[in-house]
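Note sheet for the following structure.
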2 protein chains.
Amino acid sequence: MKRREFLKAAGLGAGASTIAMPAIAQSAPTINWRLQSAYPPSLDTLYGACKVFSKAVAEATDNKFNIQVFAAGEIVPVQSIVDGVQNATVEMGQTGSYFYIGKDPAFAFGTGLPFGPNTRQQHAWFYHAGGNDLLNEFYATYKLYHLPFGGTGTQMGGWFRKELKSKADLVGLKMRLGGLSGTVLQRLGLVPTQIAPGDIYTSLERGTIDAAEFVGPYDDEKLGLAKIAPYYYFPGFWEGAVSLSLFTNLDKWNELPPSYKSLLTTAASYAATDMLAKYDANNAAALRRLVANGAQLRAFPQDILQESYRAATALYAEIGEKSPTFKKILDHQMAFRNQVYQWAQISDFSYDSLMLNAIRQQW
Amino acid sequence: MKRREFLKAAGLGAGASTIAMPAIAQSAPTINWRLQSAYPPSLDTLYGACKVFSKAVAEATDNKFNIQVFAAGEIVPVQSIVDGVQNATVEMGQTGSYFYIGKDPAFAFGTGLPFGPNTRQQHAWFYHAGGNDLLNEFYATYKLYHLPFGGTGTQMGGWFRKELKSKADLVGLKMRLGGLSGTVLQRLGLVPTQIAPGDIYTSLERGTIDAAEFVGPYDDEKLGLAKIAPYYYFPGFWEGAVSLSLFTNLDKWNELPPSYKSLLTTAASYAATDMLAKYDANNAAALRRLVANGAQLRAFPQDILQESYRAATALYAEIGEKSPTFKKILDHQMAFRNQVYQWAQISDFSYDSLMLNAIRQQW
């Protein structure tokens, strides 16, 4: 800080007593914000990203920018986080954007659509194909500013009490599954139901539901479902890439000095990358433990994948007819997905194929 | 800044004139550092990461921490960046760590070994499996502090004047290829040669070499090799995941206040993630243009992959017998790789398989 600037900031300059400086106009003001997470501390990867983010911001500013993290339900209810940020009850919220498709189907893209791009492709779309700018045009109508906030990688398709032989086995099957995924599978005859994570175990045990999806091995292990619904299906095609969202109230965002806007952007990316790395490092060991404890891995039958893909494509077209915003973002993302998968096929997918052969066959 | 702290910093406090405050002991001192890149600005993804990093640090500190980026060769020669950082000619350097395996083979791990973990797995190993801590134990013996600094994803296997039908076609083939990869393929009869990027075109045109590898479509396009060595092979199995390294002189690192250490860590991760996203977003379009301009995509014959894998495994064992450091890091990383690939197989790889089927077959 130059001396002149300091004098102003400290209120010591000539005539300073008559100048009302808004605190926020300082380059490094002291700010206390609140960040409401949609997750409990027990989900240490999801909730943990908020702590990683908050710590990075506090450290870099010598605690001048203090973002206090609140666990699920502490200030704003889990299902109202977007509203809480919109009306500035909290300055920031972490959630899956897709929980809010009831407001507008375009909320789905912040998280990811069934059969969307994979995790790396989604991130490339957000940051180097204009995706996040498109999303922020939309989110601005809700007074929200959006930063991608980490991913889980491809999730599991969940726990089933009985094996699935073909798409016929989905008819009448009651499954914990929400959002667009629920609507897609409803078209194959499945009955999607909403159940809080804490009630999944007893609902499956009593047969109130036949199946339930949650996240992946590391988080799923905490629910202990292998004994009561042992068939553990993959891939979670409706969550091939799941991104979390960090929402900031748009007015609060705009009030920040440039240094803090930059730092929040940098720190959100850091926390996001850290979350994915943590999942990638921990899911493998958790999967081994689950299998040792009775989980039986199964691939979804091909006709379920194919029919679901067709149902999803038809559903997106229908939504797009009613919502130009949804259609605009959908067309942009799917064109990108189709192009980048051509490159992935000969690069990372080809390398992964090679490595899986080498490891499995013990070359 | 509290008034008392300000007074100290500005040298205005009681007795301040007698107190010699080391600049570095301030919480947000003004610092000017130099970062030497191994790449020219024309490689805007590799060199660009330095600019993204430097900008993020400058913005978050209101230009108090200014890291000036120097293009390849401006201060320290490209092949001496590690030395330049070690002896503090520059505070920071960006390079591929594996260019320095002549000093110690353990320098290979900062970049990635042939047949190592894929890009996401490598990052998970760095940050959530203790990998980067292991590397920093080693790098400390060279007075270096290491932060992973972005990746290219799986690279291409390069440009060949003639098609490869089997491993027999590698015998006597002169190829631009360095480091451990060169040694691996040398065992199959290939003749690795070192050629500067600017000389690749003429060397291939004149037949001085038969093949050359560089990076991937986005960077390779700038060399214009499709007309003279049209067979474009995949995957680059010796560079399944390539990570760049950001080295800081260890003494300089240790002198930084905690706020700056934290910010550099955060900003390096941000720049790293941004680099990968930029490659992922741009490689696909570049690949299309290359194919339109005559590049002929070819998969490496299976026997080349298999023999190379065996040669690499044997080579690593031999190096490990002489170098306990290499063996320690190798064993740690390969155990991790084998475990995480089991999870990748049913998650992201399974999802990618599904999506490639859906897109190719136009479900």
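Just so you know, glycine gets a Cβ as well, placed from its N, Cα and C.
The annotation substrate binding site is assigned in TrEMBL to B:Q155, B:R176, B:E213, B:E239. Residues or ranges marked as Na(+) binding site in TrEMBL: B:F214. According to TrEMBL, the feature signal peptide maps to B:1-25.
Neighbour counts were taken at the CB atom with a 10 A radius for the binding-site residues B:E213, B:E239; the maximum falls on B:E239.
The two recorded residues, B:E239 (substrate binding site) and the residue listed as 'Na(+) binding site', show a Cα separation of 10 Å.
Counting other C-beta atoms within 10 Å of each candidate's C-beta, the binding-site residues B:Q155, B:R176, B:F214 are led by B:Q155. Overall, the recorded substrate-binding residues B:Q155, B:R176, B:E213, B:E239 cover a maximum inter-Cα distance of 15 Å. It is 8 Å from the Cα atom of B:R176 (substrate binding site) to that of B:F214 (Na(+) binding site). Cβ proximity to the substrate site centre (mean Cβ of B:Q155, B:R176, B:E213, B:E239, cutoff 8 Å) flags the following additional same-chain residues: B:M156, B:G157, B:G158, B:L177, B:S181, B:A212, B:F214, B:V215, B:G236, B:W238. Here the C-alpha separation of the residue listed as 'Na(+) binding site' and B:Q155 (substrate binding site) works out to 8 Å.
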